[in-house]
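Here the structure comes first, spelled out in structure tokens, and everything after it is commentary.
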Number of protein chains: 2
Amino acid sequence: MFHSVFHKDVPWVYLVTDRRACGGRSFFHQVEAALRGGVNLVQYREKAAGTRQMVEEARALRDLCRRYGALFVINDRLDVALAVNAPAVHLGQEDMPLAEARRILGPDVCIGISASSVEEAVAAEQAGADYIGASAVFTTPTKAEAPGIGLKGMAAICRAVSIPVVGIGGLHAGNAASVVAAGGRGVAVVSAIMGADDPEQAARELAGEVARAYAASKGC
Amino acid sequence: MFHSVFHKDVPWVYLVTDRRACGGRSFFHQVEAALRGGVNLVQYREKAAGTRQMVEEARALRDLCRRYGALFVINDRLDVALAVNAPAVHLGQEDMPLAEARRILGPDVCIGISASSVEEAVAAEQAGADYIGASAVFTTPTKAEAPGIGLKGMAAICRAVSIPVVGIGGLHAGNAASVVAAGGRGVAVVSAIMGADDPEQAARELAGEVARAYAASKGC
Ligand code: NI
């Protein structure tokens, strides 16, 4: 049930939370609307709150995801994941090393790893990652960081590993199909849904684009 | 060995790390000097670093504490504690709830709880805390927070629980004896050692004051 996105051959419509992107809107309202619209993975990403608040919010989101049959993922914080028995965690290259995390979480918790190169993605798969978050696919001009990996980088990572790869970074309904066409199992978004006035409709449009592109990639 | 401060009737000279208090000096150098000077508990408290960096630093501090027979404590982050097999954690009132933490860590990891009232201290003891960090004993004028509990509040907490109570907040060699005289098992300091030009000497003076006051409190 919790791992349905792995057990079934469905494309991933993956929401990463960001309370700052919600504007004046309620955080949980945005997430629940997104689930109604077709999001099937939700990653709780929170860097500023205290641990107790994180545990409370994560527990509420876990229950919400369970009701919608979506996979609930916690970013970075294994302590919060253990406290709420989260079925999945996502780790960046600066978070807990994968081997350490696997030892702590055991074999039944899904672990996703951020990768921005073929090397990082292959290393993660070999170390037992369950999926790859390829990032950033696109970067916005406001980000003075490294340039995005682009669709070319996305495609190279998808060719290099056999576990699911979800693209993240600058994605929305308008470019989601190209990411799936590059071999992605789906797309992850933050502001395209968290910041939407109508998050349910935004999720529905995104899910539709992803589903069409996924069916096309299967030759349907 | 790691729990020697519990197993033996010794007063606690407890260092809480703060890399910002080190000025230009090396973080690990300050801690090792403090251990040479008589610190017998070290709490790694880090709010800003990434998880991977925290795990690396915590592992180094754990090994350092092991060499000196000091108890190594991790503030807040159970994930980091699990990654390095830390023998103890310290939780504030806004961190993971104690019951959750005990379930995750099991019975063999020491758990300390911050308390600023008799009620909080008694609740922590009843829920299975191994020690209390009574805070803040004193506050500095620059802190626009709640006033400190003072020696009177410290004494009330010490009378109310039977587990060890260590005072923290505005403490140094000049006022440490009064905290032990109030019933404290010892004192915890941050800048009095982390910010000292000669941390070994600062720790030695503090340990001396604490030892004298502890012996006096025992009627020796
Ligand atoms: Ni022991």
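Here the Cβ of each residue, glycine as well, is placed from N, Cα and C on the backbone.
Per TrEMBL, the features are:
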BINDING   B:Gln43, B:Tyr44, B:Arg45, B:Glu46, B:Lys47, B:Asn75, B:Ser114, B:Lys143  4-amino-2-methyl-5-(diphosphooxymethyl)pyrimidine binding site
BINDING   B:Asp76, B:Asp95  Mg(2+) binding site
DOMAIN    B:13-193  domain 'Thiamine phosphate synthase/TenI'
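Using a Cβ-Cβ cut-off of under 8 Å to chain A, the binding-site residues B:Gln43, B:Tyr44, B:Glu46, B:Asn75, B:Asp95 reduce to B:Asp95. The CA atom of B:Asp76 (Mg(2+) binding site) is located 8 Å away from the CA atom of B:Arg45 (4-amino-2-methyl-5-(diphosphooxymethyl)pyrimidine binding site).
Rounded to a whole number, the distance between the Cα atoms of B:Asp95 (Mg(2+) binding site) and B:Lys47 (4-amino-2-methyl-5-(diphosphooxymethyl)pyrimidine binding site) is 12 Å. If you take the C-beta of B:Asn75 (4-amino-2-methyl-5-(diphosphooxymethyl)pyrimidine binding site) and look for same-chain residues 6 or more apart in sequence within under 8 angstroms, you find B:Val16, B:Gln43, B:Tyr44, B:Arg45, B:Glu46, B:Val89, B:His90, B:Gly92. Counting only residues at least six positions away in the same chain, the Cβ atoms of B:Asp76 sit under 8 Å from the Cβ of B:Asp95 (Mg(2+) binding site). In sequence order, B:His90, B:Leu91, B:Gly92, B:Gln93, B:Glu120, B:Ile132, B:Gly133, B:Ser135, B:Ile168 make up the list of same-chain residues 6 or more apart from B:Ser114 (4-amino-2-methyl-5-(diphosphooxymethyl)pyrimidine binding site) whose Cβ falls under 8 Å from its Cβ. Of the listed binding-site residues, namely B:Arg45, B:Lys47, the sparsest CB environment within 10 A is found at B:Lys47. Among the listed binding-site residues, namely B:Glu46, B:Asp76, the Cβ with the most fellow Cβ atoms inside 10 Å is that of B:Asp76. When other Cβ atoms within 10 Å of the Cβ of B:Tyr44 (4-amino-2-methyl-5-(diphosphooxymethyl)pyrimidine binding site) are tallied across all protein chains shown, the result is 27. Within the model, the domain 'Thiamine phosphate synthase/TenI' (B:13-193) carries an average pLDDT of 94.
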